Amino acid sequence: MITVKDLSYRVSAALNLKRLSFDIRPGGITAILGPNGAGKSTLIKLITGVLQADDGNIFLNHLPLTYWRNTDGLAQIAAVLHQQHTLQLPFTVKEIVMMGRYPHFKTRETEKDHRIVEEVMQQLGVHHLSARNVLTLSGGEQQRVHLARVLAQVSGPSSGEPKFLFMDEPSNNLDIVHQHTLLHIAGSFARKGNCVLVVLHDLNLALQYADNILLLQSGSIKASGHPETILSDDLLSEVYGFPLSIIRTPHCRHPIILAGLNTEHQKQLSCNHFKNQEQCPILS
Amino acid sequence: MTHKNNKRLIAVALLLLLLLIACGMGIGAVRIPPRALFSILAKYAGAGVASAHSDVQESVLLAIRMPRVLLGVLVGASLASAGAAMQGLFRNPLADPGLIGVSSGASLAAVVAIMSGAHFANVAGMSALSLITFTGALITAVIVYRISRVKGKTVVSTLLLAGVAINALTGAGTGMFTYAANDAQLRSITFWMLGSLGGATWTQVAGILPFTLIPVFAFPLMAKQLNALSLDEANAAHLGVPVERVKRQIILLSACCVGASVSVSGVISFVGLVVPHIIRMSAGPDHRTLLILSPIIGSALLVFADLFARTAFSPAELPIGVVTALIGAPVLLYIVTKEIKSRIPF
C-alpha cells in the first residue's frame, strides 16, 4: 500500500509537482503515464526516497518514508529500477543479479539466494549470459540483467506485508518479446498482493497490462483510475499534444491506441497543449 | 566455483608474501640464509633449537631488516587497500588515495618540517617529521572532505575536484618552499618525495601499526556495500546501503592509513593504483575478494620493490617510489590496453 498526501516538489521554474495525493493498492500494476517533462521520474524518485519532498507525506504500508529511511528493512521489501545504469566495473551477470539479494544475507549468499537468482535469470532470458562481463552486453541485455536484479531483490517468500517494485521505463531498449515478458512477470508479482509502480511510455503496453493509471501533465495528476474507464481520445490528445485515438477491435481484448489520426477536433485539442499555437507540430 | 578459486588465490598470495618477506629479511650485505633466519626466530620464540646463526646476523635482522620489512608490509598493505576502497567509492578505476589530498598535504607538511629543521627533533621516539606529515595528511583530507559536503551529503564529483584543487594548492606551496631551499634541504626533500623505507625503526612500526591495521581489516567488512555502490549511490541505497556512513568511513580510514604510511616512508606512487587492477584481472571486481587480496599483494609488491631498491645497485639505494613506478607503470599500461579491448565487443 502506497499513500501519497499533498506531495509538493519544485524541480525548476518550468516544473513543479503540486500537492499530489493518491493511493496505490496492492494487487495490480499501476502505470504512470505522461509526456516528457511531466514529472514521472521525479515522482518515482520522491516515493523511493532518492529525492526529498519539499512538502507532503509518503507512506509505505502505512509507515512514513522517514521511518523506513532509518531502517534497513525497506531494502528487503522494495526494489527500484532507475533509467540509467552507470556501472564501470566488469562484474559478471550473475554477480550483478546477486546484488539484488544483498539485503537478505550478511556476508555470503545462501543456497536459497542462488536458487532465486537462477530463477529470475531464467525468467528474463539472461541465464545463458550468467558468466559474461556485463559491460560487454548490448543495451537491452544489460537492461534485462538489472531487471533480474530488482526482481531477485523482492522475490522469495512474503511476510504477508505487500512488497514494492518501482520501475522507471523498464521497457527501455527491450525488444517486443521481453517487453511483454517483463510486464507479465510484474503482473504476476503484483497479483501475489504486492504493489508495482511503473513509468511507461508505450500507451498500448499500459492499456494491456496496467490495472490502474496515473496520467501526469506538468506536475499534476490529470486523471487516475482504471485505464479503460479514464482514458479517452480527447484527454490523451490534449495531454500529449498530439492526436491520439483509442480503437476497439473485435480481435483484441484491449483497446489499441493509434497516434496521428487527425480529426479537426483532436487537432484543436492537441494544439491547446501549446501556449504558442505556432509551436504545434500538427498545424505546421 | 569462483568463490573456491578465490580462496586458492588468497592462499597463493599469502605464500608469495611469506616468501618475499623471507627474501627481504635474508638478502643483503649480510646474508641470512633460511636456516639462520629460522634459528633466530626460534630463539626468540623460546624453542630449543641448536643455534645456526652468528651474532652479526641476529643483530642485523632484529635492528635493521625486520623493522624495514615489516614497515614495507604495513605501508604496502595500507596503500593497496586504500586504493581499492577509493576506486570502489569513486566508482572510478583511476582513483587513488592521493586524490583526497593526503599525499600532497603530507608533502607540504614534510617540506615545511625539513625547511624549518624540525625534522631532526624526536617526540616520544617518533621522528617529528612523521608526526608533522601525518597531521598534514589528515588536515588536507578533512579540508577536501568538508568542501565536498553539500546539504549533509558528500558529492563525489565535488570531492574529486576539491581534491584536484587542494592538490594543486599544496603543490604550489611545496614548490615555493622547494624554491627557497638550500642544497642540503633540497636533497632531503627530493628523497622524501621519492619515498624510502631506509632507516626503519621498531618505533615507526609500532607507531603506524594501529593506524594501518585497523583500516586494512575494516575495509573488507564494507566489501558488500562497495559492490552495491558500483551500481551508483541511489541504487546502493535501494539495496539497503547506508551510503553516507560508508563514504565517511572509507574516506576517514583511507586518510588514516595512507597518512600514516606517507609519514614514515614518503610518497610511494602507483601501489594504490596498480595493485587493485592486477587483482581485478585475475579475481574479478568483487570487493569481498579484492579487499582481502589487495593488502597481501600490496605488501608483497612493496617488500619486493624495497628489496630491489636496496640490492640492485648496492651499496647505493634507489628511492622506492622510483622502483614502484618502474614496475607499476608498464603493468598499468598493459592492463589498460587489455581492458579496453575486452570492453569493445566483436
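From the backbone N, Cα and C atoms, a Cβ is placed for every residue, glycine too.
Nobody curates TrEMBL annotations by hand; they come from automatic prediction.
These numbers come from a predicted model, not from an experiment.
The annotation transmembrane segment is assigned in TrEMBL to B:69-86 (among others).
Annotation comment: TrEMBL describes B:98-121 (among others) as transmembrane segment. Counting residues 6+ beyond its ends, the transmembrane segment (B:98-121) has Cβ neighbours under 8 Å at 86, 90, 127-129, 132-141, 143-145, 159-160, 163-164, 166-167, 170-171, 173-174, 177-178, 180-181, 185, 188-189, 192-193, 251, 254-255, 258-259, 262-263, 266-267, 269, 272 in the same chain.
Residues or ranges marked as transmembrane segment in TrEMBL: B:127-147 (among others). Beyond the ends of the transmembrane segment (B:127-147), by six or more residues, the same chain brings 100-110, 112-114, 118-121, 154, 158-159, 162-163, 166, 170, 192, 204, 207, 211, 248, 251, 254-256, 258-260, 262-264 to within a C-beta distance below 8 angstroms of the stretch.
The feature transmembrane segment is assigned by TrEMBL to B:159-181 (among others).
Per TrEMBL, transmembrane segment is recorded for B:201-221 (among others). Tertiary proximity for the transmembrane segment (B:201-221) is limited to same-chain residues at least six positions away from its ends with a CB under 8 Å from its CB atoms, namely 67, 70-71, 74-75, 77-78, 81-82, 84-85, 125-127, 130, 134, 249-250, 253-254, 256-257, 259-261, 263-264, 287-288, 291-292, 295.
Outside the transmembrane segment (B:250-279), and at least 6 residues removed from its termini, the chain residues within Cβ reach (under 8 Å) are 71, 74-76, 78-89, 93-94, 96-98, 100, 102-103, 106-107, 110, 129-131, 133-134, 137-138, 141-142, 145, 154, 159, 191-197, 200, 204, 207-208, 211-212, 214-216, 218-219, 222, 226, 289-290, 293-294, 297-298, 301-302, 319-321, 324-325, 327-329, 331-332, 335. Residues annotated as transmembrane segment in TrEMBL: B:250-279 (among others).
Through the fold, the transmembrane segment (B:291-309) approaches residues 6, 9-10, 13-14, 16-17, 20-21, 23-24, 27, 68-69, 72-81, 83-85, 196-197, 216, 219-220, 222-223, 226, 268, 271-272, 274-276, 278-279, 283, 317-320, 322-324, 327 of its own chain, all at least 6 residues removed from its boundaries and within a Cβ separation under 8 Å. Annotation source TrEMBL lists transmembrane segment at B:291-309 (among others).
Annotation comment: TrEMBL describes B:316-336 (among others) as transmembrane segment.
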